[in-house]
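Listed features, source TrEMBL:
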DOMAIN    11-145  domain 'MARVEL'
TRANSMEM  20-41  transmembrane segment
TRANSMEM  47-68  transmembrane segment
TRANSMEM  80-100  transmembrane segment
TRANSMEM  120-141  transmembrane segment
């Protein structure tokens, strides 16, 4: 049973790394598409850029922490709770960014032009990132609540199973 628990913790760590990597790639697409247009002329795109770049940077930092297992050295930080709060906050921020980006697409570009296509694609990827952060928030909530573990595994893992 101890070997099974270790592989479960390892797969959880790999899921966190893969999840953060996926989110960083999608977030990069959003801000790269917006950055290639004159976004500074429209306040809605300034907000989208702020959300996309800020959350991309935080996601990259978390990815590096999990990739090099630095979170294990910071054992006093409740990482499941931190990830849950981050993912919920990111979901809410991306909801606002997605709405702002989608609402401003038709107002700022001529249909069929390159900036219109880039902004429409940015809206699409902002929706994907919003959904991905929402799914990640759900899984981080389950990890925080300890779904799938019992009192014995919680005691063995020091309450972090």
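Cβ from N, Cα, C; glycine included.
Just so you know, TrEMBL annotations are computer predictions that nobody has curated.
Note that the coordinates shown come from a computational prediction; the quantities given were computed from them, not determined experimentally.
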Candidate ranges 47-68, 80-100, 120-141 - greatest C-beta contact count to the transmembrane segment (20-41) (under 8 angstroms): 47-68
DSSP residue counts for the domain 'MARVEL' (11-145), split into helix, strand and coil: 118 helix, 0 strand, 17 coil
